[in-house]
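Visitor: Take this structure first; my questions come after.
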Amino acid sequence: MRIALAPMEGLVDELLRDLLTRVGGIDWCVTEFVRVCDRLLPVAQFEKLAPELRHGWRTRAGTPMHLQLLGSDPACLAENAALAAELGAPAIDLNFGCPAKTSTARGADGCCSTSRNCCMPSSARCAGPCRRCAGDRQDAPGVRPARGRPGVRRALVEGGVAHLVVHARTKVEGYRPPASWEWLARVREAVAVPVYANRKSGRRRIGCREISGVEDVMLGCGLVSRPDLARQIAMRAPDARSSRRAGVRYSRWCASSGGAPGSGSRRATPLAGSSSGWACWRAVIRRRPRCSPNCAGRTTAGGWMPCWA
């Protein structure tokens with residue numbers, strides 16, 4: 001079984017990818033989606049969202065990272081995929097739509113998720129310059145997964161994708177449970193490439209596996225709220241200390257960055273002191289503020305700590 005870290009825009013940046021992959025259990029991760037409109041993007045845009053490209057497209061823990069593209073112009077997608085391949089990207093992830101409103105609002109996934117003739121050249125041309133192309137997609141906005149979607153997936157496979165990541169939810173359904181895992185089983189039967197179940201959390205994972213027959217998963221919010229979830233699933237070995245260490249590294253990074261609460265940067269929030277690894281990490285994610293905008297915390301024998309610890 002393989003476990004991937006979901007590319008949640010505005011949350012999973014290079015810092016969280018580094019921290020989560022250090023805990024262990026994650027086989028590969030994906031960047032936040034790079035929006036492709038009508039032109040070839042500058043290299044700086046790729047470096048901004050994928051700074052790991054300077055280190056061989058791997059996190060500091062050595063976890064491979066894929067580059068995700070979002071757009072509706074197959075030719076422009078192919079052009080940017082070729083540039084990413086020149087920069088050394090090991091795989092291109094084509095986002096054909098996910099339940100996130102920012103992904104489906106502008107029709108970025110429209111032609112790719114509903115038109116067989118459109119998604120084929122897009123995926124094939126993107127797969128050409130790179131070693132392989134991965135498809136991360138959802139069903140057509142507002143349409144139940146039953147209606148013709150396995151045919152679209154077959155078209156993607158014919159275009160050269162190496163695996164498919166399926167949300168099993170529509171735009172209207174969003175992230176509300178339950179997901180249509182029975183249609184994930186139909187997709188798995190229709191294609192000859194690995195299929196991943198894109199899950200919000202690790203809860204009821206066995207139910208998803210039993211219904212769909214899919215072993216591989218992509219985890220999002222569940223990994224952010226519990227950093228050792230992938231490790232626990234893969235090795236059946238919960239490790240709260242790893243989560244606590246990740247939170248401490250996050251706090252030290254915040255202290256060295258000099259950010260202040262309210263600046264719009266998630267990174268400006270330090271770690272709340274606690275004896276529980278999960279409480280530590282959740283305090284980080286919930287953006288617990290400092291006592292004042294100019295508070296720099298305090299230095300103790302154990303290192304930097306926030307003022308209230």
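Cβ coordinates come from backbone N, Cα and C, glycine included.
According to Swiss-Prot, the protein has these features:
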type: ACT_SITE; residues: Cys98; note: active site, proton donor
type: BINDING; residues: Pro7, Met8, Glu9, Gln68, Arg137, Asn198, Gly220, Cys221; note: FMN binding site
type: SITE; residues: Arg35; note: site 'Interacts with tRNA'
type: SITE; residues: Asn95; note: site 'Interacts with tRNA'
type: SITE; residues: Tyr175; note: site 'Interacts with tRNA'
type: SITE; residues: Arg267; note: site 'Interacts with tRNA'
type: SITE; residues: Arg286; note: site 'Interacts with tRNA'
Visitor: Between the Cα atoms of Asn198 (FMN binding site) and Asn95 (site 'Interacts with tRNA'), what distance do you get, rounded to the nearest Å?
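Guide: Asn95 (site 'Interacts with tRNA') has its Cα 13 Å from the Cα of Asn198 (FMN binding site).
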Visitor: Among all the protein chains here, how many other CB atoms are within 10 A of the CB of Glu9 (FMN binding site)?
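Guide: The Cβ of Glu9 (FMN binding site) has 18 Cβ neighbours within 10 Å.
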Visitor: How many Å lie between the Cα of Arg35 (site 'Interacts with tRNA') and the Cα of Glu9 (FMN binding site)?
Guide: 11
Visitor: Report, in whole Å, the straight Cα-to-Cα distance of Asn95 (site 'Interacts with tRNA') from Gln68 (FMN binding site).
Guide: 7
Visitor: Between Met8 (FMN binding site) and Asn95 (site 'Interacts with tRNA'), how many Å separate their Cα atoms?
Guide: 12
Visitor: So, in DSSP terms, is Gln68 (FMN binding site) helix, strand, or coil?
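Guide: Once the DSSP labels are grouped into three classes, Gln68 (FMN binding site) ends up as strand.
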Visitor: Would you kindly give the Cα-Cα distance separating Asn95 (site 'Interacts with tRNA') and Glu9 (FMN binding site), rounded to the nearest Å?
Guide: 12
Visitor: Let me check the 10 A CB neighbour count of Arg35 (site 'Interacts with tRNA'). How many other CB atoms are there?
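Guide: Taking every protein chain into account, the count is 17.
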Visitor: Measuring Cα to Cα, tell me the gap between Gly220 (FMN binding site) and Asn95 (site 'Interacts with tRNA') in whole angstrom.
Guide: 15
Visitor: Near the Cβ of Asn198 (FMN binding site), how many other Cβ atoms are there if near means within 10 Å?
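Guide: Counting Cβ neighbours of Asn198 (FMN binding site) within 10 Å gives 23.
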Visitor: Calculate the distance in Å between the alpha carbons (Cα) of Cys221 (FMN binding site) and Asn95 (site 'Interacts with tRNA'), and round it to a whole number.
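Guide: That comes out at 18 Å between the alpha carbons.
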